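Feature annotations, reproduced from TrEMBL:
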| type | residues | note |
| --- | --- | --- |
| DOMAIN | 921-1013 | domain 'DYW' |
| REPEAT | 223-257 | repeat 'PPR' |
| REPEAT | 402-436 | repeat 'PPR' |
| REPEAT | 473-503 | repeat 'PPR' |
| REPEAT | 504-538 | repeat 'PPR' |
| REPEAT | 605-639 | repeat 'PPR' |
| REPEAT | 675-705 | repeat 'PPR' |
| REPEAT | 706-740 | repeat 'PPR' |
| REPEAT | 777-811 | repeat 'PPR' |
Amino acid sequence: MQLQSTLRPMPRRSSNGPSHATLLLLVRPIFSLSQQLCHYHTKTTLPAPTKWPSLLRAAISTNDLLLGKRTHALIVTSGHAADRFLTNNLITVYSKCGSLPAARQLFDKTPTRDLVTWNSILAAYALSPHPDAHHIREGFRIFRLLRSLWGISATKLTLAPVLKLCMMSGYVWASQAVHGYAVKIDLDWDAFVSGALVNIYSKFGLVRDALVLFNDMHELDRDVVLWNVMLKAHMRAGLLEEAFRLFCDFHRSGLHPDVVSVRCVLNGFAEGDFDESNRHVQQVRAFAMKLFLYDDAFDDQVILWNKTMSEYHQSGENRASVECFINMNRSNVSRDAITFVVALASVTAITILVLGKQVHGMALKSGFDLNLHVANSLINMYSKLGCLSSARRVFTGMEELDLVSWNSMISSCVQCGLEEESVTLFLDVLNAGLKPDHFTFASVLRACSTLAAGLSLGKQIHVHALTSGIITDTFVSTALIDVYCRSGRMEDAELLFRDKAESDTACWNALMSGYVTCDNSHKALELFYLMHRSGERPDEITLATLAKACGCLVGFEQGRQIHAHAVKVGLGSDLYVSSGILDMYTKCGDMVDAYKVFQRISAPDDVAWTAMISGYVENGNEDHAIFIYHQMRQSGIPPDAYTFATLIKASSCLTALEQGRQIHANIIKFDCALDTFVWTSLIDMYAKCGNIEDSYSLFKRADAQNIGPWNAMLVGLAQHGHGGEALSLFKNMKSLGIRPDRVTFVGVLSACSHSGLTSEAKSYFQSMYKDYGIQPEIEHYSCLVDSLGRAGRVQEAEKLIESMPFEASSSMYRALLGACRVQQDKETGKRVATRLLALEPSDSSAYVLLSNIYAAANQWDEVNDARKMMRSKNVKKDPGFSWIDVKNKVHLFVVNDRSHPQADLIYEKVEDFIKMIKEDGYIPDTDYMLLDVEEEEKERALYYHSEKLAIAFGLISTPPSTTIRIIKNIRVCGDCHSAFKHISKVFQREIVLRDANRFHRFSSGICSCSDYW
């Protein structure tokens, strides 16, 4: 029988297939109200309350959780939150959009609940996208609470979700209890309730109980679906003769059995073995042919359409394959399991979830969802399109499972980050008596690579792979090498690698990546040399890993060679390789070559953009990092959490508060504010930009169990001199059971140092190892040395340095030398300066501080000797400078600077405020003018320090009452510190000064450091 022209499948085309819009012909157009609702936030009038139900209905129909939340926010702000009708609808919105926690929270906050409220929350638990035992028990608990209420009686709408929970629970007794309650309240006659119970009893294998209920139902209440449920239940139970009689009763009832009914019976009889089997099959076939439900010619049509779809799919024209499936559906051609398998594979390839759900619906309607191959394809489709909950529902609803089913589910869990669940499924495979294959082992070993207990599990799976003989499989051995590498067991990984009869590229890559992860990049490069000699061709993963190794080694020449090799083998333009090479150049400090690589990437992704931004930040060019970010935005690539964390760091380095606030706004806009790393970076940025209040406000909203925000806040408080608050915060942290780490103690010790809490610093230093097992590192010793030095105990600090288990750093000696200058301890200062110059002969600060020590003691000959030594060794003193950010523009000043366009106004302002603060009691401290000149000349020289010029510019350029923020690259001098206190009082301005050591907040003549810095 030939196909009619209208039913003939489309011939294969060489084009790229139909547009995306063509593929959505089955999808009803849905108009989203999200953008429309956004406009209400910018208007002065809210939508009329009568519009809210329609908005909520739109949120449900489009599954738009954000629209529901926005509507909820408008309802609350308009004062209609107590409206029970709206509350009930909101609970429904949250449940239908998959947000059970939000639905439950709203339910708990509702003071007056009616039956609709209770029904809505029960439905939410029944519709939960992630049903588990806890949710089911909680749903049952809510139902029990409802039953205990006086004056509220359950209806069929109450029992509907409860019965679904019974089905999900798998508890027969729960279903029987609800059945008894339905009888008690006279709802067992209801078609919906009795139909649901029939379905439940059938699924649980209680066919006799289901039949009793079914027979007691009114004929008009028994629809085709319910008849099919009973047919399937009888077939599954092996009651073939009873199933045939039921089929006959079905036909006599006036309803017509459909394709599902026919297939169910025919498939059951195909597995039967009794004398009348053939006669029954012939009768059912005759009936099907009479109603055009069964036709031999249909088989030819299905084969032809399936062949066409398969050809499209195999050639990569998946859109054409899906369009062929759509046309097949329109032409009313019968479909088989192969049709659905090919259609689902094509939908998965073009990643359109809505089409996949429609194909699933068709499979459900035609009964093919129970087919093992179709169900496996559904699991694969949902998992690859990121819908694990749907994949899990298909898996748990399957009547028959094979190894492919288990493998698909294990792989899905690994892909979605549910490693522990994937291991549990692997154990279920073993308990089910199935023999895992190489796909099973490879998937579960991928899970082990990221689990804390992955090494122990990996070893057990290794033993199992050995005993089963599957260890020789390349996938399995490579996955095992990866597990050992990620766990730092490189010896075991090398042993596996050597034992392989033949190593492929993936195996080389796994071991190479392991060396880089274990900080042995030299070995990774050596391994590549061996790989090259063996004749194995590198792929993009190999070259990206090698680029990373060169970056870790700061091996510029090796990196250039890897770059050249990538070009030679034709992988120079690969995005993954290019991103790795770009990152290598940035780590080697070569931003010129990094930018050249970036420009050659035809379509850079967020990783490439972020690598460029990070590179500029790490190489001290934060302004250009911000510029690259603006280019990224213009290109249409959305930033991610890592991009924002890097940008926040740039703002911190620039101490650009306004820039940081703009980045913060973008973080909220792109929904990255919930990322803990980003949130911690924001806390740190506001603190480093001098706004400790906003930093603390963000900290209070952070995840209390994550140590990152605590550490950032501790360090911020320490920098601002709030030692008492920092130590109080540390005590609160310990009371919440959060275990401090090495960074925590850096913040604690720094807080003690900046606040003069020397005895507390020593106590906390000792408790690090004693109470927490943390070995003090050089940063902790530096904090304690700094604390002792500030307290004037320089000899004790010197002894502490000598007792350290490692070499002192130059910064440690520099801090101690500064303390010697403050304490005018010449002898200790000489010793410390000698050690500092031995470490860094070109360090100008050693000469300057030593010279200042002599100058403070009026030993001008020694001062001249120190300066001559500087000149003889060609050491240049780093100039002191200050800068201020006004209207997103940085203005930089040095001492006696007259290069600024407004220099005349600035100097006039300096003269003015010097007169005003002198009247307030300011006395210039010429001790900080370390020159052998007259006293009056010293005093005049103090007036034009860079920070005084910056404050003068701030006073003439910013509105009254605003905070002035100044940054200085070296320690602020004592005279300027005294002047700033008077300026804050006379001009009634708050001044935040950040110098090389800490923050100073001046207000009403007082500094936050309490003159201890």
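Note that Cβ sites are derived from N, Cα and C of the backbone, with glycine treated the same way.
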Within-chain partners of the repeat 'PPR' (675-705) [C-beta distance under 8 Å, separation at least 6 from its ends]: 641-642, 644-645, 648-649, 651-652, 655-657, 660, 664, 667, 711-713, 715-717, 719-720, 722, 736, 738, 965, 992, 994, 999, 1001
Spatial neighbours of the repeat 'PPR' (605-639) far in sequence, C-beta under 8 Å, 6+ residues away: 575, 578-579, 582-583, 585-587, 589, 591, 594-595, 598, 646-647, 649-651, 653-654, 659, 666, 670, 672
Same-chain residues near the repeat 'PPR' (473-503), Cβ under 8 Å, at least 6 residues beyond its ends: 438-439, 441-442, 445-446, 448-450, 454-455, 458, 461-462, 465, 510-511, 513-515, 517-518, 520, 534, 536
DSSP helix/strand/coil residue counts for the repeat 'PPR' (473-503): 23 helix, 0 strand, 8 coil
Secondary structure content of the repeat 'PPR' (777-811), with strand meaning DSSP E or B: 24 helix, 0 strand, 11 coil
Helix-strand-coil residue split for the repeat 'PPR' (706-740), DSSP-based: 26 helix, 0 strand, 9 coil
